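The structure under discussion appears below in the form of structure tokens.
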Amino acid sequence: MNRTRPVNATRTSPPLAEAGAVPARRGLRLGRFRDLTLVPVIIVLLVAGSFVDPIFLTPGNLTNVLQQQSALALVVLAEALILIAGKFDLSLESTVGMAPAVGVMLVIPTAAGGFGLELPAVLAIPLCLLIGGLVGAFNGFLIMRFQLSAFIVTLAMMIVVHGLQLGLTQGKSLFELPESFLYLGSATWLGIPAAIWITGAFFAAGIIALGYFRAGRALYAIGGNADAARAAGIRVERVVWAVFVIGGVIAALAGVLETGRLGGISANQGVGWIFMAFAAAVIGGVSMDGGKGTILGALTGVLVIGLVENILTLKGVPGEWKQLVYGSIILVALMISRLAGGKAQD
Amino acid sequence: MKSKEKASAAGGVPAVEARDIVKRFGPTTALNGAGITIAEGETHALVGRNGAGKSTLVSILTGLQRPDEGEVRFAGEPAPPLADRDAWRRRVACVYQKSTIIPSLTVAENLFLNRQTERGAIRWRELRTRARDLLEQYGVAVDAEAMAGDLGVERRQLLEIARALSFGARFIILDEPTAQLDGPAIQRLFERMRALREQGVTMMFISHHLEEVYEICQSVSVFRDARHIVTAPVGELPHQRLVDAMTGEATAAYAYRSRTVPASAPVVLAARGLTLAGRYEGVDLEVRAGEVVGLAGSGSSGKVGLAETLVGLRRADSGTVSVGGAAVRPGDIPAALEAGLGFVPQDRHREGFVPLLSIAENATMPIARRLGRYGAVSPARRREHGARMIAELDIKTTGPDQPVGDLSGGNAQKVVLARALADDPKALVVINPTAGVDVKAKHALLGAVEDAAGRGAGAVLVSDELDDLRICDRVLVMFHGRIVRDVPRGWTDTELVAAMEGIENR
């Protein structure tokens with residue numbers, strides 16, 4: 001008879017010193033700055049921009065950049081929350097158009113393109129946010145309860161939601177907006193556009209919630225390892241569902257800001273944004289696999305995109321070439337953040 | 001320190017009791033009236049072959065699943081409702097087979113996952129301090145601020161143990177904790193377990209390595225086919241009877257074959273002056289046709305790194321590898337396969353198989369070009385080859401079309417070996433083939449390696465199991481990256497272990 005005997009079972013080895021060795025602290029110190037790897041890119045863009053056009057570095061222009069990007073930034077925030085929780089939402093861009101369109105149609109008269117319900121105008125924004133939340137809730141229902149793939153569900157929902165807007169508006173733009181929309185689009189508080197304040201406040205709330213609150217940390221736990229999160233008592237389904245709802249509401253708010261800024265809702269509002277949103281989130285260090293990245297990082301991603309767009313406009317790059325330059329610069333930004341961050345992108 | 005308490009409780013209420021548990025998943029019955037009783041303060045082993053119901057019992061004892069019938073009691077009291085996770089965690093802690101450490105979070109946050117703070121904002125500084133205290137309390141020397149993903153397997157496991165115990169549970173389940181550890185790390189784990197027992201902690205220990213059961217446990221329960229078979233103090237259940245209880249029949253011990261390798265046999269696998277910084281240096285090695293050469297050593301000896309270099313998974317800084325007499329371009333796996341090499345990688349889940357593909361497709365991956373012309377693969381020939389492999393290696397399956405992901409560990413490993421053997425290799429490199437597989441599968445796997453040698457292949461077998469190494473004609477012992485001894489057949493455990501620990505060499 002022979003016995004299975006693990007190696008060195010015959011001799012009790014003393015606990016080796018190496019078992020107690022504390023790993024080097026260098027790596028984690030760097031890790032703390034991982035979400036700021038785009039800062040050098042931003043600095044390069046600021047310097048390059050100032051050479052392109054003297055107007056670039058003026059407060060007026062930079063404020064302009066921020067205002068133009070505030071709606072996209074909110075979509076990036078929503079997408080970042082969902083990505084960190086390990087899911088995916090492509091339908092956000094359609095919500096950006098549909099939620100304000102339907103919200104507005106509920107309050108404006110038939111003559112202006114409304115449903116004829118003519119609900120009180122003050123309800124326009126709350127209704128719009130509610131609609132965004134409902135879209136998110138439906139996504140969450142299909143993904144968490146029905147156990148469908150988030151990619152396919154939200155791809156379909158992107159088409160459905162946009163189709164809903166096209167159908168209801170008959171493809172027309174809406175120009176008669178409630179006062180509240182126009183106010184948010186044009187008001188300045190303390191010399192800075194309201195949209196920037198609102199977006200800034202949401203990002204601040206996101207940074208604090210994800211950095212310092214259990215509910216926010218739960219997103220990282222779920223995205224990192226859902227089974228482990230469940231074992232730790234986190235109600236995974238409920239939290240992810242809530243994230244989809246919050247994402248929908250934030251996307252609807254982005255739609256409100258964009259509508260106010262442009263003074264109307266075109267049939268194409270939000271179309272194509274989702275790719276920018278993904279690009280911004282991912283170059284900002286948010287992982288497509290979930291569990292990694294920060295809201296601050298996502299914000300730096302938006303800033304890079306906004307600055308690039310602004311420089312291209314100032315430089316007078318013809319519209320036909322913008323997309324090419326745009327895409328290339330995102331690739332370069334990715335490579336720089338990869339080199340600065342050191343870790344393989346995922 | 002609480003041995004008095006332990007003694008007084010010995011005859012009293014058991015710390016944990018599961019009675020007449022029935023659990024069904026669809027048509028399969030995972031537990032059929034099984035139960036377990038664990039006395040306070042003892043370390044109790046739960047053994048059984050893959051699929052015996054051990055994992056299901058763990059999820060029921062930890063409150064992750066509700067039994068269809070039967071009841072669970074902790075210290076005589078009925079178990080809390082399933083929804084009350086905190087109550088469960090105060091009673092039972094568990095280190096699961098699958099890691100529940102989240103790699104993208106810090107050690108500190110992993111320790112206090114979902115309880116970073118009672119209410120309000122998280123105070124990170126305070127959290128780190130609490131984490132450091134906790135780590136110190138359990139003697140785990142890990143930086144609280146490190147990313148958990150940067151830690152090795154052993155430290156992650158210690159983290160899990162510390163976290164599990166920090167809920168105040170006095171009963172801890174360790175589900176195959178030794179499966180991924182090397183010899184010294186296992187010993188360190190056992191020392192920790194002994195220390196916990198001294199403090200009166202009750203443990204349930206699951207392992208495929210029966211020797212570990214005798215080393216660390218006081219009593220053992222055997223499960224087989226969803227039923228409880230026997231419970232006895234380890235002293236009353238000798239090794240052979242334990243194996244018989246697990247398999248349900250009298251299993252013969254593995255019969256090692258004897259071979260003589262003629263000195264004239266050609267060298268099929270050779271390494272010259274292989275060096276890889278930080279892993280191994282100046283390694284020379286020769287394997288003749290029909291010879292099985294073992295590679296032994298501790299986890300830091302570099303044996304796995306060396307074996308991975310032989311097959312091309314790693315590229316050495318200097319030195320050459322030749323298969324069948326011809327040098328192979330370093331780090332070029334296709335070239336190595338072309339030259340007639342087959343290998344079983346260390347981590348079958350990562351490099352061994354594609355879980356969603358069928359047995360036939362996995363097993364024929366390296367020889368797909370021979371199953372059809374112009375890049376086409378004939379499904380019929382693939383199935384035929386798969387069926388032959390299934391018969392040859394005795395793979396328990398519904399047929400060659402079953403995805404490998406559905407197989408048990410031992411059978412999946414057989415598919416990996418089938419892949420290695422698909423091209424009738426001249427040289428075979430096998431790394432830890434018996435990790436996480438049960439007794440019968442182990443015998444089949446070792447037999448298949450010996451069969452290959454019988455057909456004239458030269459094999460390198462890397463293993464942490466002395467028992468596996470017994471099939472080798474000679475064992476090369478590595479220590480700190482160098483081959484320090486060449487031990488011929490007929491060694492004793494003590495001799496080989498001493499060599500691995502570097503006792504007589506330094």
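Going from the start of the chain as shown, residues are counted 1 onward.
Cβ from N, Cα, C; glycine included.
Quick look at what TrEMBL lists:
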{"type": "TRANSMEM", "residues": "A:36-57", "note": "transmembrane segment"}
{"type": "TRANSMEM", "residues": "A:69-86", "note": "transmembrane segment"}
{"type": "TRANSMEM", "residues": "A:98-117", "note": "transmembrane segment"}
{"type": "TRANSMEM", "residues": "A:123-143", "note": "transmembrane segment"}
{"type": "TRANSMEM", "residues": "A:150-168", "note": "transmembrane segment"}
{"type": "TRANSMEM", "residues": "A:188-213", "note": "transmembrane segment"}
{"type": "TRANSMEM", "residues": "A:239-257", "note": "transmembrane segment"}
{"type": "TRANSMEM", "residues": "A:269-288", "note": "transmembrane segment"}
{"type": "TRANSMEM", "residues": "A:295-312", "note": "transmembrane segment"}
{"type": "TRANSMEM", "residues": "A:324-341", "note": "transmembrane segment"}
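With pairs at least 6 apart in sequence, the transmembrane segment (A:98-117) and the transmembrane segment (A:188-213) have fewer than 3 Cβ pairs within the 8 Å limit; the two do not touch.
The highest tally of CB pairs under 8 A with the transmembrane segment (A:295-312), across A:36-57, A:123-143, A:150-168, A:239-257, is held by A:36-57.
Of the recorded ranges A:69-86, A:123-143, A:150-168, A:269-288, the transmembrane segment (A:239-257) has the largest number of C-beta contacts under 8 angstroms with A:123-143. For the transmembrane segment (A:269-288), the list of distant contacts is 34-35, 37-38, 72-73, 75-76, 78-80, 83-84, 90, 92-97, 100-101, 158, 162, 223, 254-255, 258-259, 262, 294, 297-302, 304-305, 330, 333-334, 337, 341, 345-346: same-chain residues at least six beyond its ends, Cβ to Cβ under 8 Å. Here the transmembrane segment (A:150-168) lies next to the transmembrane segment (A:98-117) in space: the count of CB pairs under 8 Å, restricted to residues six or more apart, reaches at least 3. Highest Cβ contact count with the transmembrane segment (A:98-117) among the listed stretches A:36-57, A:69-86, A:123-143 falls to A:123-143 (criterion: pairs under 8 Å).
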